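TrEMBL annotations:
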DOMAIN    21-612  domain 'Major facilitator superfamily (MFS) profile'
DOMAIN    420-477  domain 'Kazal-like'
REGION    270-289  region 'Disordered'
TRANSMEM  24-43  transmembrane segment
TRANSMEM  63-84  transmembrane segment
TRANSMEM  91-112  transmembrane segment
TRANSMEM  152-170  transmembrane segment
TRANSMEM  191-219  transmembrane segment
TRANSMEM  239-263  transmembrane segment
TRANSMEM  315-334  transmembrane segment
TRANSMEM  354-376  transmembrane segment
TRANSMEM  495-512  transmembrane segment
TRANSMEM  586-608  transmembrane segment
Amino acid sequence: MVADSMNAAGSAGRRWSPFRSIKVFVLCHSLLQLAQLLVSGYMKSSISTIERRYGLSSQKSGILAAFNEVGNTVLIVFVSFFGSRVHRPRYIGGGALLACLASLLMAVPHFLSGEYTYTDKITTSSGNKSGLCFSSLPSNQTCQKEDSDTQWAVYPLLLLGQLLLGIGAVPIQPFGISYIDDYASRRNSPLYLGILLAMTSIGPAIGFVTGSFLLRYYVDFDKLSRDEIKLDQKDLRWVGAWWLGFLVASSFLFLTALPYLFFPREMPKENGADDQESGTDIEPPPKTDPMRDLTLLQFLKSFPRIALRTLSGPIYLLVVLALVNMAALVSGLGTFMPKFIEKQFSQTIPFSNMMIGGIGMPLAVLGVVLGGALMRRFNMSVGGASKLCTVAIFLCLISALPMLFIGCSTQKVAEVYPVRYSYPQCSAGCGCRPDAFNPICGSNNEEYRSPCHAGCLAKEMDASNKPTNFTDCRCISNGSGSARPGTCGSGCSHLLLPFIILMGITSFIISFTQTPSYVMVLRTVPPEDKSFAVGVQYMLFRVLAFLPGPVLYGSVIDTTCILWGEKCGQRTSCLYYNLDNFRQRFLGLMVVFVCGALLCFLLTMVVLRRRGGASQLPPGTKARYEMVGEQEAPEKEETSLKT
């Protein structure tokens with residue numbers, strides 16, 4: 001009797017433990033995914049700032065943005081093998097702690113580097129710190145290398161941080177989804193999974209919004225007083241506090257990782273109106289995966305064979321290729337769209353990030369939700385899903401094409417655009433630094449790289465010792481002109497609103513295809529291969545889209561540069577772009593990917609029509625997956641998310 005009472009008390013204690021509740025696990029996992037994807041979004045919002053701070057090309061920035069997929073791609077295959085064989089909560093917590101350390105590592109270059117220097121802060125060999133034209137200065141000024149002992153290590157450190165971020169993210173989503181699906185009730189499981197999927201879109205959006213706020217602080221605000229900061233956000237030399245967000249995200253990741261140390265390997269099955277279990281007994285995960293009993297060596301040997309068998313299905317292959325096109329499009333636009341808005345419409349980086357995180361991404365989330373609701377409302381079959389995807393991509397193409405024509409040409413820049421020339425007579429004796437970059441806008445509405453390049457001899461200052469006007473400029477109005485600090489701008493700010501409207505419409509429409517596409521993937525492979533098919537799909541996303549996408553976009557952007565920065569004889573980041581080429585090639589690449597997705601969905605419709613609608617489904621799946629509204633389809637789709 002005493003033993004029974006003690007057992008009952010112990011069972012009751014376990015029952016009321018917060019770490020033995022699947023609802024608490026869902027809450028913790030939602031916060032963890034939010035933190036992990038916040039880092040990803042923040043990285044993309046800061047990529048242009050890091051590029052400017054350390055003199056990177058857009059191609060190098062693209063490699064940096066995509067490098068987190070390297071470790072993820074290599075290790076994601078093993079997630080399919082380990083599945084529920086391991087203590088999933090602890091692996092999730094370990095991955096989160098690794099991501100926390102990686103986020104800290106991303107901020108380390110700021111503390112290793114010295115103070116950010118720009119033209120007016122660099123003193124020449126003759127003591128000139130004003131940036132003005134002085135005929136007595138020698139033209140062969142001494143190069144002063146900044147942080148020569150640490151600058152070489154910055155880019156490798158950033159790459160290592162991205163690599164570790166990718167490795168740390170490997171177990172978080174797959175193990176979390178499978179754990180929830182194993183112990184949640186059938187009625188509540190779709191709700192829990194929907195919450196997690198929503199976080200995959202909300203997290204990056206919050207990352208962009210966070211970047212919008214934090215990049216308004218000067219990069220060295222921790223090293224300088226407010227009076228020592230001479231730049232403002234509108235200055236093309238401005239560098240925001242890119243490192244601050246990684247410290248904030250690292251703290252968030254650490255706090256959200258701690259609860260996973262206390263969750264059990266197995267927990268009681270959640271009570272549900274349609275569940276047979278009592279909810280008090282621990283149930284091991286069901287052995288529905290035919291690869292569960294394989295050894296690691298057997299799994300690796302069978303991987304190529306099962307992958308080829310999965311890819312041999314024409315519908316599956318075409319839908320995945322369409323999704324790859326859209327993933328490549330999103331990976332490139334998400335990385336460089338803030339930079340495009342900044343350059344094309346003469347906006348600040350914080351404002352550009354707010355446009356992406358506050359408008360583009362929320363509309364995409366809304367599109368995903370409505371796409372799923374539309375599928376459920378009309379009980380669409382595979383054929384109906386393919387038609388919906390085709391129509392959505394076609395409408396996306398219609399809304400994307402006008403964006404190619406919304407923009408302006410590069411403003412007139414002396415010595416650079418539209419005619420490239422060197423050393424004009426008016427500033428030939430000024431001894432301008434080759435790396436000088438302090439744009440000014442002349443009274444003749446022509447931009448100059450610096451007051452020195454305009455031959456300006458004097459400047460007027462305000463009460464805070466900031467220049468307000470440059471006078472006696474030899475190259476402006478025959479020596480009688482003046483210039484104001486800052487760029488003349490592209491003159492396209494009035495076109496920003498229609499561009500943002502079209503961008504939001506395009507994001508909203510293209511996101512309609514996400515849910516129907518995933519439904520088509522799940523229904524067109526044999527039931528025993530569903531988990532593996534989802535794993536192969538995500539692996540192809542990384543290999544064919546997330547890895548090469550940002551690099552391809554960055555390389556295309558670099559081809560539009562008309563003036564590269566220079567420091568100590570080495571090329572740095574681009575100072576001026578041909579904005580017409582930038583717009584046409586950057587957005588043209590987007591149109592190419594949209595056309596690729598449209599072609600794949602059109603071919604899917606052709607194959608479905610030739611095979612009689614749903615008859616293309618593998619044996620045993622046609623009757624069970626004919627309609628979304630049937631009872632078993634959602635159950636199989638939930639189970640298929642276990643990777």
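Note that Cβ sites are derived from N, Cα and C of the backbone, with glycine treated the same way.
Those TrEMBL annotations? Automatic predictions, nothing curated.
Residues 19, 24-25, 28, 31-32, 34-36, 38-39, 42, 45-46, 49-50, 52-53, 89-90, 92-93, 96-97, 99-101, 103-104, 106-107, 109-111, 116, 207, 210-211, 214-219, 221, 233, 349-350 of the same chain sit 6 or more residues outside the transmembrane segment (239-263) yet have a Cβ under 8 Å from a Cβ within it.
Residues of the same chain lying 6 or more positions beyond the ends of the transmembrane segment (315-334) and with a Cβ under 8 Å from any Cβ of it are 44, 62, 66, 204, 356, 382, 386, 389, 393, 510, 513, 517, 520-521, 524-525, 533, 536-537, 540-541, 544-546, 548-550, 552-553, 589-590, 593-594, 596-597, 600-601, 603-604, 607-608, 616. In this chain, the transmembrane segment (152-170) lies apart from the transmembrane segment (495-512): fewer than three C-beta pairs between them fall below 8 angstroms, excluding pairs fewer than 6 positions apart.
Most Cβ pairs under 8 Å with the transmembrane segment (354-376) belong to 495-512, among the candidate stretches 24-43, 191-219, 495-512, 586-608. Between the transmembrane segment (191-219) and the listed ranges 24-43, 91-112, 586-608, the one holding the most Cβ pairs under 8 Å is 24-43.
Beyond the transmembrane segment (91-112), the same-chain residues lying 6 or more positions past its ends with a Cβ under 8 Å from any Cβ of the stretch are 29, 32, 35-36, 39, 43, 54, 147, 150, 153-154, 157-158, 160-165, 167-172, 175-176, 179, 219, 242-244, 246-247, 249-250, 253-254, 256-261. DSSP states for the domain 'Kazal-like' (420-477), grouped as helix (H, G, I), strand (E, B) and coil, give 4 helix, 18 strand, 36 coil.
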